[in-house]
Structure formats: C-alpha cells, structure tokens
Amino acid sequence: MYNIRTNTNKGISIIPDYVVYIFIALLLIIDYIPNNGFLISNIQYLYLSVLNFFIGVYFYVNSKMISSNIIPILKRSYVTRIYLVFLLICGLSFITARNTSLVITRITELVIVFCLFINLTILLKDKLHLLYKIVIIISISAFLQSGLALYDFTQLSRHITASSALGQIIGNTGNINIFAASLTIKVPFLLLGITHFDGIKKNFLFFTLFLVTTTIFLTAARASLLNLFLIFVVYILFYLKSHSFNKSSLIKSSILIIPVLIALFASNRSLEKAKDNDRYKSVTNRITQINTGDASVKARFTYWENAIKIAQENPLLGVGLGNYRIESIPYEKFQENDFSVSLDPHNDFLEILAETGILNGLLYFSFFIFILFVNIKRLIKSTDSNTKTVAVLTLMLLIVYGSDAFFNFPMYKPTMQLFFSLLLALTVVNTPALINQDTDKPLNIKLLPFFIGITIITSYSALIIYKASNLEGEIIKDDINMNLKGVLTGDEIIDRMPKYPNVFLTSESFYEYAAIYYIREKNYEKALSCFAKASKINPHSGRINYYKYYISKEKGNLDSAYVYIKEAFYLRPRNAFFYKYSTNLAAVRKDTLEILKEHKLFSTYRKIPEAWSIPATELQRTNFNKKSLVQFIDQGLKETPNDSTLGKMKKDILVKNYILEGQILLSQSKFDKSLESFQKALKIDSENFSLIQSIGFNYYSSGKYEQAINYFLKALKYPESNNGLTEYYIGICYLKTNDLENACKYFNLSKAKNFVLAQLMLNKTCK
C-alpha cells in the first residue's frame, strides 16, 4: 500500500493526503477566529503554535511515514540556512535591546513561523501532486473571507455612511491594508485553479475571484492593487508561454480578466457613493495617488528615513528586535502630531535593519532576492511542467508578500506569515534533484522531541503574550484616559502585570496605565511609583510628564507642575494638548517669554489656527501689551487667514481698547473724542452691549438726551441688560426732557430689577 514503508520508498513521504488537507484547512481557520480588534494577532500566533505542537506530535508518533530525505533536504537548503542565521542574529539583538520583553515577544512569533515552515516542508515533501486540491481548500477560504466582508459592508452601509462602512472592511485582521493583502495573496491559487479545472469548480473559482477582487478594490489598498496587477501579468504571461501563445490559450487567459472588470465596475459604484475625495473615490483615482506627493507616501518616506538613521546609529545589532515602536518615538518628535507614533516604519526590511543591525537587514533582504532568483531559474530552465507551475505560484506569492513587506508590515501578521511559510516550503520541496535523492540514513527521530520541545516553549510564550493582550484589551475598553473610573483598578493591573510584553501595541507601558488608574483613585504615591517604572520603559511620549504635572497641580505644587508640563511639551512639540496646558500655566506665572518660545517652536511645525489662538488667549491673561498682542494676532491671520477664532479675538481686543479709551476720555469730559473712540469700536462690532451702552452714557453726559435714549433702548435688547441700570438712565433722560410719564415707567422697570436708585427717583418724582 502507498502509506506502508518499504525499502523501495524510504526516501518518499507516505504521510496520508488527508493529513495535508486537514492541516492546511486548520491553518486557514486563523482568518475566522473571532475578532479582537488589532490584538487579534496574539491569539492567532497562539493557535499556530498549538497546531505546530500537534503536528509535531503526529510526526513523532508516525515518524516512519516521514521521508528519510527531509532532514538532508532542509540541511542543504539555503532557505533553511539563511532563515536560521536570520533568527540567530534577531536573538542576539537581545544584547543591545533596551526593552528585552519586546525581543522575547517578537522572537517567539518568528520561531512559531519558522516551525510552521518546517512543518509545511515535511508535509509537502512528495505531495506537490496535491496542489490543485490545496487550491480548492484555499479558494473556499477566500470565498468565505471575501463573502463575509462584503456582507458586513452591505449591512453596515444601511446604518452608517458608505465611507465609514468602507473603512470597516478589515475582516478579523484589525487593519484594512493587511486584510486586502491577505486576500490578494490567495488570488494566485484562484488563477491556477481557473485554468486547471472545468465545470462547477471552474465557475465557483470565477465567482470567488469576482468576490475577492471586489473586496480588494473596495479596500482601496494601493499595495494590493499594484500586486493584483503584477500577479495577473505574471500568470497570464506564464500561461501563454506554456501554451505556445495560440488563439485558444489567448482566449482562455483573457477570460481571467472578466471577473476583475466586473468587480472594478461594481466596486466603483460603491466608491462613488462614499463621496470621499481621498481614499474612497474610485479605484483608478486611488492608483494615481501612488506618487511622492501623496501624504501617506510622504509619511512612509519619513518613517524610512528614521529607520535608516536608527540603523546608522546602531549598525551592529540594532536597537533590539521589536524595539522600533519605542526607540523611533524621539526621531518623530518633529514629525508626528499630538499622540501619534508610527509604531513601525511600514517596511519590514528597514524595520529589521533598524532593530537587528545592518548585516541582518541585508541578510533578510537577500533572503527574498535568493527566493526570487531560485524560482525564476526553475521557471525558465526546468523542463518539468509541474515544477514550473509550483515555481510560478511561489513567484506570485513572493510578489504579493514582498511588495507588502516593502510598503506595510506583514512580518508579524499571522494571516500573512502562513503564506510566507508556504512559499518558503514550496521553494524547498520543489527541487527535483533533492526530492529524488535516496538515502540509507533513517530519519533522526531525536530531532522530533527537540522540535516538539520548541513548540511547547513557543506555545507557553504565546500564551503569556495572549494574556497580556487580553489585559490590554480590557484597559482599552475602560478608556481610562478619558473616564474617571473603570472596571479595573490600579492594584488589579499590578497583580496581572504581564511578564512580556511590558508595553501596549501602541507603545505605552502597562505601568503607565496602572499609574493612570491610581490617579483616578487619588492614590498619587502609587501613581508616581508606577510612573517611575514606566519612565524606564518608554519615557518618550510626554504622557508620563503630563500626568506628573497633573498630580503636582492637584497637590498645589505649581513649580513642579510647570517643570513637568514643559518637559511634556518639549518631548512632543507638535502636541497641541501639551501646548495648550503648558502655555496656560506659563500665563498663570506671567511667563510671556515662555509662551512666545513655545509658540515659535509649535508654529514652526504645525500651521494650524491653534498655533496662534492658544498663545494669544494666554497672552491676554498676562496683561501682555495690547498693541503687541494685536500685531501677534495679525501675524497669525497672515498664516491662517480663514481662522474665525483669531479674527474674533482681534475684534474683541480692538473693541475693548476703543471702549476703554472712550470711557477714559468720557471721564475727562472729552465728549467728542470719546465718541470717536466709541464709533471706531462700533464699526468693528455693532452688536456689543457694553459699547452701545457706553455711547448712551456719552450722549447722556454731554446733555444729548434724545440720542442717549436711542442707544439705551438698543442696549435693553441684550440679555446683559439685567441689573436695571439702563432702565434707570432712560428714566433720567426722559425726566430731563420733561417726559414724566415715560420717566416713571422706566424707573418702575428699573425697580423691578432691584436697582436701588430707582426707588429714590420714584419717591422723588413719581408720587
């Protein structure tokens, strides 16, 4: 029988085919694990590690079924050698890492992927004839994945805007670009199946291709759109070359484009409904945005420059695997607004370069170049059609993964790592010279317990990471940054403090959040103790300094508070929140020089109205020279001419100045000059109660009672006229013009508002 080991088949794997199918299907389940937002990766890695363990146990129990050639193949393969050296250097970066918990976290994930690569290599050895059945399994997964995403989109679009619904097309990956990539990397299997099968299977694959491409188009993920084009070009050229460019093959390959064109039309209809001029306008518009002038492209270039700078400053072993998310923050202080941090450079090659050193960065890049050349060579030189088919499939997978690695961050996304492991395994096993090589040496069974031991370690480590992510999720749900109380407490977080990682995916320390809980509980001593520990983990965000400012202010220690809030601002000089509170406390201390200094720094990088309105407001509070303040505001209006806040502020200052000037002149009985000042203010603000009443007083004081009555009556229309003063002077004016009836009327109205002098006038004149 096929699955019975004999001397004649000892170099061939006799693992049952169904084991391969089941394992592939189980791997694809990671795309359907219940969504836990952007923390989904942690449970997916735990799941993959457990699968590695069980298949390892299966190999140990059924070791005789494994090809005796597999170990020599893996040993001789440059893929395995390069991968192991890469992992070794990644591990050595532990030496230079400031945060070793992140090294442990990331090395756990990389080792899980390496074990998956080994498992797939063992399973696929001598099993490439199962390729088209594997195609069906992956196609079913693609059908379900895209179908569910489109269903969710149609349901959401009934309740929210089309643009918002489009932004929610993320599957269970937590990221729209990764979701698009996870679908795009399945397209090569669909293309392979469509040109191989007939009948129902072919129709199913056509329909699945339509669903998948529609979903990809709706995500408007540019890297995936580019990859989609490239893999279609590669496969159509391969198909035409394999079938001699005849009419039949040309028609058959052209048919592949039909579901894509229909998907393009359908998705553009949905994108038009979004009425979004940026990402969700049309597919063609999104493609044309792939240029250096686009904001997101500029941001990527900035991140790449930072990664290169980090690598140049740490050339040997980098800043430590996984440490980019923290160590990059100081490089972004003049680039990122508010609390935003990049977390990764959107380029896996540069991230490895920065985290593990220049040598390892080059090694990782050369890894992809090697796989590219190996498969191109097989595609060109091999005479075996099956070898060519596997090579072109591997090449298409490499295009999708490599491109995504260049523009995004698939290295730590399990849904992408699954296919990375698969393309490596296909590269190793698609080698006829090694596959057919026989050996008298039996499989070294001692390696299997060692392998199982590694999977146990990675599973335990992944469990620790998963528990940390659960705690992170609970803290995020509490939203303790904004809420005064959460479900959790500071003590509970300390009790559940994870061994690793010790920071959130967004780079904040768990100790930092424990401290914030303690602040909400008014336990400032414990909060400060936690902040001291958090500062050793990530001192770059300014958040810790801000909360220390808050504690000092609560304690009434303004000197310390002032120091801390300035530290926060200078750590993140583009943070409008820190800018506001720092200038505010500077105003309390009458430190106008500090306000102007912070304004100069903030406005250098952020050309927004708040750059001027915040310091202008605070300068007003310091009794800053009014003329200088108006000049300051004028400068701001030149920078932001459409800002209504600054315009209103300037108007208010000028009106107040003219009113004050007019009142001073009025007190000096300079009625004409006083009126001139009031009239200047009136041209700026004709609806100012204080101004209108002041003009009334001017006319009253100069004996022009009729004019005074007119302005006092206007003043009565405003809610500020609520103390009876205006009615009283209207009564006086009527009395001066011998209109006793109206005089008494307004004295009574004034009395009704409890104005004391009104009763005296009533007693005197209205008996």
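The backbone N, Cα and C atoms fix where each Cβ goes, and this holds for glycine too.
Record features, source TrEMBL:
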{"type": "TRANSMEM", "residues": "12-33", "note": "transmembrane segment"}
{"type": "TRANSMEM", "residues": "45-61", "note": "transmembrane segment"}
{"type": "TRANSMEM", "residues": "82-97", "note": "transmembrane segment"}
{"type": "TRANSMEM", "residues": "103-123", "note": "transmembrane segment"}
{"type": "TRANSMEM", "residues": "130-151", "note": "transmembrane segment"}
{"type": "TRANSMEM", "residues": "205-238", "note": "transmembrane segment"}
{"type": "DOMAIN", "residues": "208-364", "note": "domain 'O-antigen ligase-related'"}
{"type": "TRANSMEM", "residues": "250-267", "note": "transmembrane segment"}
{"type": "TRANSMEM", "residues": "357-376", "note": "transmembrane segment"}
{"type": "TRANSMEM", "residues": "388-409", "note": "transmembrane segment"}
{"type": "TRANSMEM", "residues": "415-435", "note": "transmembrane segment"}
{"type": "TRANSMEM", "residues": "447-466", "note": "transmembrane segment"}
{"type": "REPEAT", "residues": "508-541", "note": "repeat 'TPR'"}
{"type": "REPEAT", "residues": "655-688", "note": "repeat 'TPR'"}
{"type": "REPEAT", "residues": "689-722", "note": "repeat 'TPR'"}
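Taking Cβ pairs closer than 8 Å, the transmembrane segment (205-238) reaches residues 139, 142-143, 146-147, 149-150, 153, 166, 169, 176-177, 179-181, 183-184, 186-188, 190-194, 197, 253, 256-260, 262-264, 266-268, 270-271, 279-280, 283, 286-287, 289-290, 379, 388, 392, 395-396, 399-400, 403-404, 406-408 in its own chain, all 6 or more past its ends. For the repeat 'TPR' (689-722), the DSSP counts in helix, strand and coil order read 24 helix, 0 strand, 10 coil. Within its own chain, the transmembrane segment (388-409) has Cβ neighbours under 8 Å at 128, 131, 177-178, 181, 184-185, 187-189, 191-192, 222-224, 226-227, 230-231, 234-235, 238, 242, 300, 344, 346-349, 351, 368, 371-372, 375-376, 378-379, 382, 416, 419-420, 422-423, 426-427, 430, counting only residues six or more beyond its boundaries. Of the recorded ranges 12-33, 45-61, 103-123, 130-151, 357-376, the transmembrane segment (415-435) has the largest number of C-beta contacts under 8 angstroms with 103-123. Confidence annotation: the repeat 'TPR' (508-541) carries a mean pLDDT of 96 in the model. Looking at which of 82-97, 103-123, 130-151, 250-267, 447-466 has the most CB pairs under 8 Å to the transmembrane segment (45-61), the answer is the stretch 447-466. Contact between the transmembrane segment (82-97) and the transmembrane segment (250-267) does not hold: fewer than three of their C-beta pairs are under 8 Å, each pair 6 or more apart in sequence. Long-range contacts of the transmembrane segment (357-376) within the same chain, counting only residues at least 6 positions beyond its ends with a Cβ under 8 Å from a Cβ of the stretch, are 78-79, 82-83, 85-86, 89-90, 93, 311, 314-318, 348-350, 391-392, 394-395, 398, 402, 405, 423-424, 427.
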